[in-house]
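Participant: Before anything else, here's the structure in question.
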Amino acid sequence: MARDYDNADVPIPTTRLQSNATVRRAKTLTRPERSVAPPPLINPQAGLVSSTSGIVVEASSDWSAWTVFSRVVTFWAPAFLLQSVGGLKDKQTVQAWREKMALCIIILIMCGVIGFMTVGLQKVLCPETTSITAERFISVGATPGTLGISGFIFNVTQSKSPSSVNFLQLAQQLPGQDITTLFQRDAGQFPSCKGLNYRIALDPPCNTATPCPLGALNTTATIQSFQLLNTTQLAGYDWDQITSLQNYLHQTSIPGDDVDHALRTVLASNGRDVTRLFVNRDDLRETINCLKQRYTAGYIDKITPGCFISQLILYAGLIVILGLVMIRFVMACIFSWFLSGRLAGNPDSQSLDRSAISPAVMPEGANISIDNRLGTAPWAGPSGTKREKPNNKSARSLASASSTTLTNGDGTGAAPIMSLAQIGAELFAVCLVTCYSEGEESLRATLDSISKTTYSDARKLLFVVADGMITGAGEKRSTPDICVGLLEADPRFGNPTPMSYMAVGTGSKQENRAMVYAGHYTVAGRRTPTVVVVKCGTEQEAATEKKPGNRGKRDSQLILMNFFSRVTYNDRMTPLDFDLFRKLHVLMGVTPDFFEVCLMVDADTKVFPDSLKALVNCMHHDQMIMGCCGETRIENKRQSWVTAIQVFEYFISHHMAKAFEAVFGGVSCLPGCFSMFRLKARKASGDDWVPLIIKPEIVKEYSQCEVTTLHEKNLLLLGEDRFLTTCLLRTFPNRKMMFLPQARCRTVVPDTFGVLLSQRRRWINSTIHNLMELVLVRDLCGTFCFSMQFVVFMDLLGTIVLPIAISLTYMLIITSALDPPTTFEQAIPLVLLVAVLGLPGVLIVITTGKVGYVFWMLIYLIALPIWNFVLPVYAFWHFDDFSWGETRKVEGEAKGEGHGEGKGAFSGVNIPLRRWEDWERSRLRKIKREERRRREFERAHPQGFVTGDEYLNVRSDQNSQYDGSDTFSVTSSEDQWGPQIGEYNENNAQYPPPPPALHLSHDGLASAKTVDASDLEAMLESGWDDQPSASASTDHLHPAQPPPRTRYQLSDGAVAAARTASPTRPVQAISTAIGGDDWKTHIKKRSGGGSGGDGGSQDDYGPLGPLDPGRRL
């Protein structure tokens, strides 16, 4: 089903009155705007349509700039050739291949630029002929006792001067001056001048005009005889000294000599650079070496502009890279030593003593009736107290009341403000465990670890989702069988009924069904409330598909996110949502709106005992924190060489990368295997809620199922955890994503190279595409180079150039080994390399004190070519591969099989969407009808009856004036929503659902007596008792009469349920973090439960059963 994005979908800011003690709501019949949301990352094309095969196609060709660029750079590969020879099936696959090639070309260009700037730029700007540093110069006139010969400085303090020349006297006149012209030379002794017909090469150096009193220059004996010591340093001249040098040219020009003419031309123009003139002419270019060899007197003691720029770039790179490495190192140490411990500590009493808004209040923008000024949820009365319905309200008036007029009292009075001490330090937390193909041992270990945490069982809920009716490779039982087998089911719920919901998929796969098993998970004396959601698929899917119900991990997360989003905003619920609402309420004793945090854990992860409490404490300390992850350690680190090379990589990615990002509150990726998200947060003013991960805009964007471009598919299909983090950071850039090293877990990593290759392909590609989106977010913490935006850009650039970086690293190591550096400038790259690779080892020692990790670091360094070359190159080349590969194998599954592509079109008519009020009203009607039907059966058949295997089909009223609403009267015998409610009554464990029809056994009919008309008339006149005695006639259908059953009273006065409060009233729950009796003030009022009657038990027992999940019913 195609979805369009319109500007009207983006909410606009609204204003409302703020008050210190009350929460006022404006009267409205529509949902107000919820806040300002950024443009969505995934923009469904307006031209997307669903074909008959269920594949989303484009109605018109897309000619965006990126599409045009990808087609231009791959012009050499026509589409027909790719389809016939390359095996690409359709236009989308061909376009994905073109986009992959375009990305690879861009990455190749970026790697070339980095390689050129690292190696080639210096050689271009400062070649070896000009790469003379200032340290090699001795300036003329600066050092006494020196003279210059052929451009080199000689020490003459110990020299023996001949009678014709006094070296010491010349050195005193001008230290470092050139005396080359005093030595005997011959025109033929300069090899570079041979064959040239210019006067510069043919004129004899020594003549009567320029006598040469000293010996021959081309022999070392002459220099040794005068005891002149060569310092090997060059004679450096400044520009003023050059103008005072002796003119070598003849006083008159030489006709026909091009070199003489060129030199005189340059000198006449105030001495410009002659290099360009000589290089551009072939006849003059060959004279350059001759001029340098015969007439060199020294060098300019200033480095050339090219060498200066080269050195500037080198030092700038040193400062930036070394600065980033040092800043990361220092910030990671600061976070480990000072910040993380405070976040993991228990909240102080002052933070819990303050008053804040109650969970009973829905956030701004929720669906609230016009008479509800306080904004409380429909399942909670005003001020959090129980909602009492007048007993004299007729059944017909209840049936005709619409959801828009159902109110929570009179709407007056104080706002539901409560003290945070009533909730305590332990927030209500839901622990989501997503399962796919894991075995029983792995699942049991994960559930055991969560259940054994130090967190109270009354405040945590295990929410297990089995992703389809599948069996893992090598397993004997299916994953749903394993999950349900670990659960101690609650008998009040009976056998679950498949409930429909809207799933993540295309075509018919957007419709799915799931069964909800509720009960407790028991281990080591702990009894944790648990819900197991088994995605079983539609009836047609179960009959034709290999993996019915399978929709992926993102769909499993969205079951939870959609549920809490609809509860928070009182949005229309699917049957699965309402079923979850009822069972969560019964298990936890409070309505789901009390839950504030969600821990997401993979099914192969073991949580440390104090991790859950540490993460919740982190949420307590700062309301601006919307997500937090812990440290993930490796469970099977010694299993193979593949697991060994991952140990240090896991450690450093947490303790250095995430610790540094946590200082700024901008952790760019919360791993899906172990992360906690805040469902909703209180505003700083304390008068309203701010939904975070359950914000409708985020849920909508995260649930996109129709993606066409390569970028969108890499975002959504390969890395759900990173994409969810990206959505949160884009929507709430001023809030924080944190890392808490005190919260730890262990997970199983790939132990074969093929699985590791597949896993890192998904991670690397997902990282690149998510960083491409995050780098555009300007409101992140910091500014310019000291901002998270700059850090994200550096991470993106660093990920792209990993192959060239490791290649240059090994080239540097080999070059330095063959030719060790002699200057600091030559050693700068080695300094950077040592800092980048060595500082993590120092970080290990000073932060954790575990020297053993140094050993794992050495293994990691040996495997650097795999991490920085093999894995990235493989990932880049598979940009167009959106499968999970070898990571999770299922029995009988072929490679590349998807889980969300369905055939046909999705209409949505089979999935009813109704508000909680409507579902609850239908549930009450169903209870009354079933109780009335039971009484009629008992009256008609006092001797007993046998129920059949099938329920009667409910009648659907086609003439209803309200399309999609339950307009049947309470007194009606049928209800079109009956099958979507569930065949159980959680408020009456002793009463199973009534039989829909009577099925008499053949034996009973054969032995039954017949009566004549007079006997029948007498029986009708005398009547029957509702409950006949146990000594009934043997002519009954059953030999013994069932024991008398207790009557129960419904909340609206009808006979059915065994309680006086509303059927979905939250009940009392106490946290181990709360002391005293103050906790009883608010929640008991909200639940409607009492503290025990006169002479009654003082145990905590609410209208739905014992409040302590550790006690059995």
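The backbone N, Cα and C atoms fix where each Cβ goes, and this holds for glycine too.
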Participant: Looking at the candidate ranges 776-795, 796-815, report the one that TrEMBL labels transmembrane segment.
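Facilitator: Matching range for transmembrane segment: 796-815.
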Participant: Kindly point out the range from 372-406, 897-931 that TrEMBL annotates with region 'Disordered'.
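Facilitator: My reading of TrEMBL: the region 'Disordered' range is 372-406.
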Participant: Which of 102-121, 796-815, 827-846, 853-877 shares the most C-beta pairs under 8 angstroms with the transmembrane segment (312-339)?
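Facilitator: The stretch I would name here is 827-846.
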Participant: If you count Cβ pairs under 8 Å, which stretch among 102-121, 796-815, 827-846 touches the transmembrane segment (853-877) the most?
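Facilitator: Between the stretches 102-121, 796-815, 827-846, 796-815 has the largest tally.
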Participant: By a Cβ-Cβ criterion of under 8 Å, what residues six or more beyond either terminus of the transmembrane segment (827-846) are in contact with it?
Facilitator: 118, 314-315, 317-318, 321-322, 325-326, 329, 332-333, 648, 651-652, 655-656, 809, 812-813, 816, 821, 853-854, 857, 861
